[in-house]
Amino acid sequence: MARNLLWVVVLIVVVSCLVWTLEASEGDADPLYKSCVDQCQKTGCVGDTCFHQCKFFSADGKANDGPWYMQEPLYLRWKQWDCQSDCQYECMMTREEERKRDGEKPTKYFGKWPLKHVYGIQEPVSAAFAALDLAIQFHGWVSYFILVYYHLPLQPNRKTYYEYNGLLHIYAIIVMNALFWSGVCHSRDVDLTQRLDYSSATVLAGYTLVLAVIRSFSIHDQSAKVMVTAPVLALVATHIIYLNFYNLDEGLHRKVIYGIGGVELVVWGLWSVLTSHPSKWKLRAFFVSCILTTCLRMLDFPPYKGYVDAHALWRAAGIPLSYLWWSFIRDDAVFRTTVLLKKSK
């Protein structure tokens, strides 16, 4: 009873963590920053730094891009943004240096902390961790595939005994797609990459919720699966349509993802308390880790050395979490296959 009470307390922490939000001031409203951006777009320079993609104007008012031999080679231009984005970035970095010299704390610009670019990559640490997480997910999927098709018995029709096999293959594709677009968005956060990132993340959140319900309640009836999937699919489709065709609202998107994720964590948490699964400790460790990483994602602090922020730490924490998840799935496949083989005999 005491142990179950502990898990109930943990569930309460989940809900508390999911409603915790922090506010921060916006540096893009700073008059000095706005003046710097306006001046950069007119002259193409911030101090001694000039951008070849900005159009310079000669004394007679004509656009002058400079001679071809003064322009950067084509194979190096990939790291450049457009004139406005480069001006905003350089002015942001300049303004933050001024604030640091004056003893002021960093502030946000357009809702995000000022992060240093590396070869044009906007959030290099988060992008690297997203790529590494994608690699871990792929490795987990391949190891699961080898297990169920080459190390576990198969039915006479060459199908696996593990009844959730198809759901796991679909999950692998969805999660890797979401991580791919997340990494792209961390590299270049523009309107298109944001839409692809948000849409992929919404599909992943909805699908993992369906997977959690079906596996936790051992749902095998097709009509019951439809009853579980239909409302989640409707929510996911509505949210994606709203983001892409009405308003790309980051705040609303975050609330929807946190809401779906909170319900999913409750489902996994309750099952981890009630199940007699031989690898229930992995499920419980996964559940607790999800709580900690979710709370970590909601932390809000200036980036360390201009590179590592709370989102980057959340991305890093997701890497061992992905490994733990696929480890439990492999154990679950062995467990269910053993049970079904005994029943068939």
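Glycine residues also receive a Cβ, built from the backbone N, Cα and C atoms like all the rest.
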Where TrEMBL places transmembrane segment among the ranges 113-130, 257-274: 257-274
Range from 164-184, 226-245, 257-274 with the greatest count of C-beta pairs under 8 A to the transmembrane segment (196-214): 164-184
